[in-house]
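Novice: Here it is: the structure, laid out below.
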């Protein structure tokens, strides 16, 4: 609770609480690469990325965030998407960067996507958990959310928690808390590793590949030296993410996902960690 109060004070001092509901992509994001392969359509309500043999494409948020609740609806590359990766993540910059990842690893037609998650603190990652999904993520839009506060990071799919990563600084494990992060997304070719460890290559006869985005929402602390906090936005509703944790019902949903749909957990990979699991696994397994 004390750390949440500190964050509130920090937001008043150097940031502003920002609430972007159904925000326009042209107002919130910049297309950063792809030479025309990324497009903002429908009066700013839709963004598409495409990938062909020459290049992929990507975008990033105009704002930087230090804690918050981020939602984005995605519809992934349909059909034979093997070798492609659609990445959607928060990240700072530099060798000691922080990062919170959603990555969607494509697959052959009829085989499930792999949803890859990871958390970096001070440049150290290797905290991967991977999942299959209980629906076809290419048939329609679905909401992928990140809640990031001083105590924990929660990954959600359509409001169902799939992963909770708790702050383990008391165990000597770095946690993202000091570096503001932008939102990034890209569609790119990673057929050297993305599908079955690189055994299945991208079928370029299926190109161009395309992923779509809509309904971006951010309820977050926005880094801006020119901003000041509006007291009307610091209500218990708008800042509820600062103390968000999983209630009993959400804990049961999390267990259901992890029992039925988790396909990799670094905290159970004894071959990878023969000398013992990382310290943060004590409360993040």
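Backbone N, Cα and C define each Cβ position, glycine as well.
Just so you know, TrEMBL annotations never went through curation; they're auto-generated.
Summarising the annotation, TrEMBL assigns signal peptide to 1-22. TrEMBL lists 2-213 with the feature domain 'GH16'. The active site, nucleophile annotation in TrEMBL covers 99. The feature active site, proton donor is assigned by TrEMBL to 103. Annotated N-linked glycosylation site per TrEMBL: 107, in sequence order.
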Novice: In whole Å, how far is residue 107 (N-linked glycosylation site) from the residue listed as 'active site, nucleophile' when you measure between their Cα atoms?
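Specialist: That separation, Cα to Cα, works out to 25 Å.
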Novice: May I ask which residues of the same chain, at least 6 positions away in sequence, place their Cβ under 8 angstroms from the Cβ of residue 103 (active site, proton donor)?
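Specialist: Long-range Cβ contacts: 85, 86, 87, 88, 89, 115, 116, 117, 118.
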